[in-house]
Amino acid sequence: MADSRDPASDQMKHWKEQRAAQKADVLTTGAGNPVGDKLNVITVGPRGPLLVQDVVFTDEMAHFDRERIPERVVHAKGAGAFGYFEVTHDITKYSKAKVFEHIGKKTPIAVRFSTVAGESGSADTVRDPRGFAVKFYTEDGNWDLVGNNTPIFFIRDPLLFPSFIHSQKRNPQTHLKDPDMVWDFWSLRPESLHQVSFLFSDRGIPDGHRHMNGYGSHTFKLVNANGEAVYCKFHYKTDQGIKNLSVEDAARLSQEDPDYGIRDLFNAIATEKYPSWTFYIQVMTFNQAETFPFNPFDLTKVWPHKDYPLIPVGKLVLNRNPVNYFAEVEQIAFDPSNMPPGIEASPDKMLQGRLFAYPDTHRHRLGPNYLHIPVNCPYRARVANYQRDGPMCMQDNQGGAPNYYPNSFGAPEQQPSALEHSTQCSGEVQRFNTASDDNVTQVRAFYVNVLNEEQRKRLCENIAGHLKDAQIFIQKKAVKNFTEVHPDYGSRIQALLDKYNAEKPKNAIHTFVQSGSHLAAREKANL
């Protein structure tokens, strides 16, 4: 019904209403030349060929041919919004970062939510981790906290990342999603058990983007004004409450409204129901890290809250929708290596790998000057360096300033106060195999202590419902891993698989076929 349309559906109506007092703009080419006729090409006579001189046509088509840019290799489907971060608690004893400077300070932010494995046209309601990336526009440059909706990940070594993503994408020959690929990789890498268990729990399908938590996931380092450092983890917990979709509702929405998450976020902000998240940190001293029972930089594990409680910091609030999706969401580029003074990287191997991979893929997808794009530009800091030229240089290229360092002409100077915190590091240089690290203790705690009986039942049903489509030998490897977590975990999944495997395949697809003679008669009638 027209009178029940939501703000997202009425976007063009609202755009027109906002411009009601204005005359329509003059239609132009990309170069600003007025266009006299946008409906008809120039031809020799009404039936003749086109003329090369029809620059209105060539301008239009040449741009159309180049509208698409490379899709993100992961996190292709996403929604974005803008707002602010406000400090509510003092953590300057941990970090000198200006974003945390004083209680009440507000910093502009941009946020992008996303699924991971699907293409840009895929459904928002699939079972998949969600990206939750936050860009803080600070006076010391941008800080990009490129997180997910889970505090852990599938792997702990970045060398495995391309293979992991390949296993979640499409088969290189059939171009179909392949359960053999997915479960073969997971079953061969038992460090994935923690994230797999989280993924197939109720939280594996969040109800849109507003009702899920976010996590920096990695271990980071905070440095205060005295040069003292601690390790930390970032958490941002939804103020809307956790809500998840049932398998049935998710499947229905994937057909009826595959952009459900984008629509829900847009409409909430458009109706001034601004979503917010409370921002926390966990802190671990260097001495605590030395005596920690496992590697504190292992991305497949969490820091227990009873030992490292959440410390409140502030609020993330989203109060503006994108003005243009391509300009502000498709082109936004998050980079974990964007860290202002007071926030630094830890030895977390996965974080170290991302420090290179993210800016590298942005230079491929958006070009070497992607930081000139307005949504990526650190507009609250003055950029002054010795980088010049390159495709799509959209600013003044730093004018006549020297492009070499050192120099004697008063060009930008290094700032000792921005030096990274010094750390000691020693050990043999080699490739360390961490596959046999403890992969089950925290998963067992999640299964036994975090989930209740109904949640455990749904977890096992969800896993078996997906694993059943993999080959039997892969099923056995996966069940062996789940059994090592807890015998009940493995036995429940195996019992469900036995039931699936005993059933004969059913063809549930109903088709409607027209006879050849009927089609021939229709064709003859159209002559």
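Glycine too: its Cβ is placed from the backbone N, Cα and C atoms.
Per Swiss-Prot, the features are as follows:
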- A2: N-acetylalanine (MOD_RES)
- S9: phosphoserine (MOD_RES)
- H75: active site (ACT_SITE)
- N148: active site (ACT_SITE)
- H194, S201, R203, N213, K237, W303, H305, K306: NADP(+) binding site (BINDING)
- K221: N6-succinyllysine (MOD_RES)
- K233: N6-acetyllysine (MOD_RES)
- K306: N6-acetyllysine (MOD_RES)
- K306: N6-succinyllysine (MOD_RES)
- Y358: heme binding site (BINDING)
- S417: phosphoserine (MOD_RES)
- S422: phosphoserine (MOD_RES)
- K480: N6-acetyllysine (MOD_RES)
- K499: N6-acetyllysine (MOD_RES)
- S515: phosphoserine (MOD_RES)
- S517: phosphoserine (MOD_RES)
- 524-527: motif 'Microbody targeting signal' (MOTIF)
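Locations of recorded Swiss-Prot features on the structure.
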{"residue": "S9", "record": "phosphoserine", "Cβ neighbours (10 Å)": "13"}
{"residue": "N148", "record": "active site", "Cβ neighbours (10 Å)": "22"}
{"residue": "S201", "record": "NADP(+) binding site", "Cβ neighbours (10 Å)": "21"}
{"residue": "R203", "record": "NADP(+) binding site", "Cβ neighbours (10 Å)": "18"}
{"residue": "N213", "record": "NADP(+) binding site", "Cβ neighbours (10 Å)": "20"}
{"residue": "K221", "record": "N6-succinyllysine", "Cβ neighbours (10 Å)": "21"}
{"residue": "W303", "record": "NADP(+) binding site", "Cβ neighbours (10 Å)": "20"}
{"residue": "K306", "record": "NADP(+) binding site", "Cβ neighbours (10 Å)": "6"}
{"residue": "Y358", "record": "heme binding site", "Cβ neighbours (10 Å)": "19"}
{"residue": "K480", "record": "N6-acetyllysine", "Cβ neighbours (10 Å)": "13"}
**OP:** Round to the nearest Å and give the CA-to-CA distance linking H75 (active site) with N148 (active site).
**Re:** 10
Subject >> Candidate with the highest Cβ count within 10 Å, taken from the recorded positions H194, K233, H305, K499 >> reply: H194
Subject >> Number of Cβ atoms other than its own within 10 Å, given for K237 (NADP(+) binding site) >> reply: 18
Original post:
Taking only the modified residues K233, S417, S422, K480, K499, which one has a CA atom nearest to the CA atom of N213 (NADP(+) binding site)?
Top reply: K233
Original post:
Helix, strand or coil: which one is S417 (phosphoserine) in, per DSSP?
Top reply: helix
**OP:** Over all pairs in H194, S201, R203, N213, K237, W303, H305, K306, the listed NADP(+) binding residues, work out the largest Cα-Cα distance in Å.
**Re:** 23
**OP:** Could you tally the C-beta atoms, other than its own, that fall within 10 angstroms of the C-beta of S417 (phosphoserine)?
**Re:** 8
Original post:
For R203 (NADP(+) binding site), which of the recorded positions N148, K221, S417, K499 has the nearest Cα in space?
Top reply: N148
Original post:
Under DSSP, is N148 (active site) helix, strand or coil?
Top reply: strand
